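Below are the features listed in Swiss-Prot for this protein:
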type	residues	note
BINDING	GLN86, ASP205, SER206, HIS207, ARG536, ARG541, ARG699, SER779, ARG780	substrate binding site
BINDING	CYS437, CYS503, CYS506	[4Fe-4S] cluster binding site
Amino acid sequence: MSNPFVQIVEPLDAKEPVKKFFNLSKLEDVRYARLPFSIRVLLEAAIRNCDEFLVKKQDVENILNWKVMQHKNVEVPFKPARVILQDFTGVPAVVDFAAMRDAVKKLGGDPEKINPICPADLVIDHSIQVDFNRRSDSLQKNQDLEFERNKERFEFLKWGSQAFKNMRIIPPGSGIIHQVNLEYLARVVMDQDGYYYPDSVVGTDSHTTMVDGLGVLGWGVGGIEAEAVMLGQPISMVLPEVVGYKLLGNPQPLVTSTDIVLTITKHLRQVGVVGKFVEFFGPGVAQLSIADRATIANMCPEYGATAAYFPVDDISIGYLVQTGRDKEKVLCTKKYLEAVGMLRDFKNSSQDPDFTQVVELDLHTVVPCCSGPKRPQDKVAVSDMKKDFETCLGAKQGFKGFQIAPDRHNSVIKFNFEGCDFELAHGSVVIAAITSCTNTSNPSVMLGAGLLAKKAVEAGLTVKPYIKTSLSPGSGVVTYYLRESGVMSYLSQLGFDVVGYGCMTCIGNSGPLPDSVVEAITQGDLVAVGVLSGNRNFEGRVHPNTRANYLASPPLVIAYAIAGTVRIDFEKEPLGISASGKKIFLKDIWPTRNEIQAVERQYVIPGMFKEVYQKIETVNEAWNALDAPSDKLYTWNPKSTYIKSPPFFDGLTLALQTPKTIEDAYVLLNFGDSVTTDHISPAGNIARNSPAARYLTSRGLTPREFNSYGSRRGNDAVMARGTFANIRLVNKFIDKQGPQTIHFPSGETLDVFDAAERYKQAGHPLIVLAGKEYGAGSSRDWAAKGPFLLGVKAVLAESYERIHRSNLVGMGVIPLQYLPGEDARTLGLTGRERYTIIIPENLKPQMNIQIKLDTGKTFHAIMRFDTDVELTYFHNGGILNYMIRKMAS
C-alpha cells in the first residue's frame, strides 16, 4: 500500500526536485509544535515508513497525541535509520546471521534473503587489552597481541563484511564505537533514496546514547533486537514519557563535564527515569559544547533512561563543520531541520515543548566529584573522598561498604617492585586509566589532563612505577591534538602512554597487574583502588584485584595517580614535594578553563578530523592482509574455539509449537538487587579453574590462549560455561561470593554450569529469582542467550533494566515481575521450593499469571511481554526463530 501521508512530501530545494522530505509542518496539527523534539523524531519515522502493515496510521496518531497517550502504555513502532555494533556484540550477531542463512536453506528458502536491509556499521574496539603500558611501544605491542589472539574472529568479521550487503566494518585500531559514531558516522540528517530525514540509530552497546548529544536520537538495544532491525523489522516500543531536564547557569571554573554528568547521574537515579526519554533544555545547554553534551548523553544507561536527547542547535551545526563534515551537506542539514521545526534555540523559552515532568539543575552548583566505589550513581565530592572511603572501609558489605575490621583499617603491606621497596594500604591506587568514550571524546578534559600533566612534571611530581597507568583514546584525533599541542610528552613522562584505541580498562580489558602488587593485595586482603575516566565501576568489572573503583575526570585520574591513594584531602594535603622542597597542591597544577579553551581553539581543527577519518577503513595493514573466504554460506570449522554454529535453530520447523506450562522448576540462583549483565555474562578474563577453562583446556589450549569471555562470544560452548561465572556473584544459596550454587536434588555445591547440566540431564526446568534492576549494565545479549542454554525458562524479579528484559523476550525466556508491593520476602520465598508457572492459551501483554509452589502456596506475577509483537516472538520461541520462519515461508 502507498504511504497515506504522501501529500506532505515536497522538495527541500526547488532547484533539486528529486531530493524530497516529509514536511511535518504541513500536518497543520497544533499538537506537533508542543511535542518534545525527541518525540518529533519518532513521529517523522512513523510517517515516512507508514505502510498500514508494520507501521499504521493509528501509530502516527498515537505519537502525535503523545501528551495523552504517554500514560496509556501504548505500543508504537520505530524504524531507525542505522544500526551500529561493536565486535563483542557484533561477532555473535554475524554468527547468528550465518546460522540463520543455514536454517533458511534447510527450510527450503533463499539464504541470501538473510541480509541487512537497514545499514549497519560494526566498529572493532572491544578486543584490545592493556598488556603493555608505560613504554613508547605499548600501542604496537598491544595491537600485535590483539591480532594474535583474535585473528580467527577478525577473519570471520571480514567474511561477514563481504558476504552481507549493507554491512561496513571499521577495523581495529580506529577508535571506540561511540566516538567514531559521533565524529564520523553520524549524519544528523540522512540523505538516502531521494529523501532527507533525521538520522537515528540503535546499537548493540548501551552507551549508543552518546550520539544523542549531537541531536541524533539513539539508544542501546539487545543484539537479538538489533538483528531484527537489520532485517527490516521496526523496534516495538512503549511510547515513552519524556522528562525535561532544565539546565541553568554556568559551570564553576574548576568543574569538568565529568563532574556534571556524575551529578546528573545521581540526580536522575533519584528522580527515576527508567524506560523514559530525558530531553535537555534551558539556557544552560547553550553553555555546553557538543563534547560536553555527548559526555552527559553517554552515561544515560547509568541513570537508567532509554535516551538522553539534546535537540540540534547552532552549536551542533558548528560541530559538524569543526569535525570536517562536508559544508554543503551541513547547509542542507540546517535547512531541513528548520523546515520541519527540529532546530532548537535553547535561549528561546517559547520553543520549550510539553514534558511529562520537569527537573532542574543549576550548573553553578556542581562541584568536582568522583563516583564509587562500586556504582556510577554513588557520587562523592572530591573534598569528601578521603572521609567517604574510610567510612566505606568499615561499613557493612554492600554498595558503599567493605566490612573491614577496624583494627585492620591502617594495615600496610611492604613489597618489592623492580628492585625498589614500596608499601600498599587500603585505598592505594593500583590502576589509573584515562579511558572510555565518555571522556576521551571531549577535548576540554583531555587537554585539561595534558596541561595538568605538564605542570606536574614541571613541578617535579611523579607517579609510582607499580601503578598501572594507561591512556586509551577513543579516536586517532585525540592523539593528534595531544601531540600537536605539545602535552603528549608530559603525559608519557607520568606513565600515560597511548596503549591502544579501544574500550580497554573501561570494559575490564585492563590486563594483568604486576605479580608483586597482586601478592601484596592478597596478603593484606587490601581494598585496592582503580581510578578511571570510564562510565561503569561495578564490582569485578575493572579488575579482579581492585575492589574499589572510582569514576573520575581525566585530570583527576592523573591527580590520584600522583597521590597514589584516594585517602587524601586535596585541599589540605599536598600531592608531593618539589625538588626545591616546596609543597605542591592540586590547585597549583590544575589548569584554568581559559588555558584549556585557548589550546582547544588552536589545535582542535577540521583538518585533523578529515586526515584521520578519510583513511580509517584502509589504514590498518594487519587488517588489510587478513584472508577471508568469499562464500555466501559460512563454512564452519569444527576445530575452532572462537566461531561455532550455535544450537539456537536446531530442529526448527515452519510449524509453531504451543507454549507449555513450566512444571516443577528448580531455582538455579537466588539473587538480591542490582545483578548486572556483567554478573550474568562476564566479559573479562576466563578464570583458570572455571568450566570454560576446563573446556578450552580439553580443546588443547593453554591459559595464555584463553583470551576473554567477550572475545569468545562466537562460541556458545564457552559462553554457556561462562554464564553466571563472575567471581563477585552473590547467590543467596551460598555464604560466599563466587560462581557457584546448590544442586538441590543432591545437596552438592557446584559451579553454576555444572549444576545446570545436571538439572538438564534429569529433565528439570530452571528459573532464576532476583530483586530490583535485574540485568542492569551493558546491552549484553549473551546475558539472555547463556541462561537460555542453561535451561532457564523464566526469571522472577522485582524490576528489570530495559535492554535485558528485551533480550530475554528475544530468546523466549519469560521475564516475570512480582506484583506491586510484593517480593520474595513478603511472599516468604526461599528459592528452595519448586515452581509451576501456568501459561494460559489466551496470553495478553502484561498479563497476571499464576505460580504454584510444591509447598501448596500460590501467588501471581506479571508476565512482562509488554506488546503484542513480543507475544508473537514468544509463540515463535524467540525473535530470530520468527525471522527465519518469515524469510523461509
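Numbering starts at 1 and runs along the chain as it is shown here.
Each residue, glycine too, has its Cβ placed from N, Cα and C.
Fair warning: this is a prediction, and the values are worked out from it, not measured in the lab.
Give me the lay of the land around each of these features.
In sequence order, THR89, GLY223, THR677, ASP678, ILE680, SER681, ALA683, HIS804, ASN807 are the residues near ARG780 (substrate binding site), counting only same-chain partners six or more apart with C-beta under 8 A. DSSP assigns ARG780 (substrate binding site) to coil in the three-state reduction, placing it in neither a helix nor a strand.
All chains included, 29 other C-beta atoms sit within 10 angstroms of the C-beta of CYS503 ([4Fe-4S] cluster binding site). The secondary structure of CYS503 ([4Fe-4S] cluster binding site), as reduced to three states from DSSP, is coil rather than helix or strand.
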Taking Cα-Cα distance, which of the binding-site residues GLN86, SER206, ARG699 are within 10 Å of CYS506 ([4Fe-4S] cluster binding site)?
none
Mind telling me which of the binding-site residues ARG536, ARG699 has the densest Cβ neighbourhood, counting other Cβ atoms within 10 Å?
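The most densely surrounded of these binding-site residues is ARG536.
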Within 10 Å of the Cβ of GLN86 (substrate binding site), how many other Cβ atoms are there?
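GLN86 (substrate binding site): 29 neighbouring Cβ atoms within 10 Å.
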Tally every other Cβ atom lying within 10 Å of the Cβ atom of CYS437 ([4Fe-4S] cluster binding site).
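The answer is 30 other Cβ atoms.
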Look up GLN86 (substrate binding site) in the DSSP assignment and report helix, strand or coil.
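Strand, per DSSP.
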Between CYS437 ([4Fe-4S] cluster binding site) and ARG536 (substrate binding site), what C-alpha distance do you get in Å?
12
